[in-house]
């Protein structure tokens, strides 16, 4: 019995153990299932989080890329717009009128050089020209050496270059002697008569047609020059001391030809105007022949430098200048410095004058160059303290009106040419086969345009 009971107890224990083990296995299976499900869920969540994160990153990257792509075209568009604006501004305001701008710069630098020359007390005009030609030769020789250009210029144009250099030197000499014979105001007014000479000679030799605008501009500039300089043979004013800044010891000896002093001075001034006019025509011809401006600039020194030295020696020998070196020696260095600055500005004047002839007619440049009287009036008032009366102001305004009248004519002429082209296109038809005839009716507007833009 006892054995039977023990066997039953063992069976119960084994059954219980089996049940416990089965339950434990089930629990372990359940736990494994739960763990696997958890892993699957967590991995799926992680994958979802990873995918969402990667999508967000891709979205951010794509948005940044698109922002960059959007920003770059905007920057490029702005740069292109700026370039287009500057290009249009350059094409509309500078390139068509650069000849006039160069002429104005030339006139201003010329007047500034004259003001600096007047600040020197002891140097003569030939001394200034000697320093000017020496400085011009040094600078141009260095420039031409750097550009690997010959100092003599092209052989085919050597005659024109020599002629241009000789005329420039003769202009200096004749103007200098005119100042010695008559008042500088008379010389200034008569020298600008070269505008009319230039216009006539350019019409004869260069076949440059004149218009009503040129005639009116010449008339206004001539009036302005007369009002500013007030020549005594027209205004009958008393002699004024305007030569104090040139030299304290400047004297002209009385002689038997005193009665011929005025006609000789006027003749020398007109001779200088003639030399200037012919020099303008030669400069225009050299520019049309594609001769570099450096050759037409340095050729003046070939004759001007030795002639200026010769004139200075003659004046010293005659006792007109530098008679008291002991009193002059203390102020000569500053005078030489002013003269050097003036010579540099004269070089700038010559360079821009030569460049202006490449883009405009000789007559128009001669008209523009008359603004040197206005610039001289302004710079003398600001830098030298020389007061100007009402006649001088009226003359300056007349020169300004005459100068800008040419610019207005240039604008109107370009618009008128465009208007004629558009009209011609309308008359001919867009397809080239139109049979539209031009109207024969004359209007006041058409007649006025023909008068203003008539060339003769």
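Just so it is clear, glycine is given a Cβ too, placed from its N, Cα and C backbone atoms.
Checked against TrEMBL, the range among 295-316, 427-448 recorded as transmembrane segment is 295-316.
The transmembrane segment annotation in TrEMBL falls on one of the ranges 74-92, 188-206, namely 188-206. Looking up the ranges 39-56, 129-146 in TrEMBL, the one annotated as transmembrane segment turns out to be 129-146. Helix, strand and coil counts under DSSP for the domain 'EamA' (99-229) come to 108 helix, 1 strand, 22 coil.
Secondary structure of the domain 'EamA' (264-407) per DSSP (helix as H, G, I; strand as E, B; remaining residues coil): 120 helix, 0 strand, 24 coil. In the predicted model, the domain 'EamA' (99-229) shows an average pLDDT of 77.
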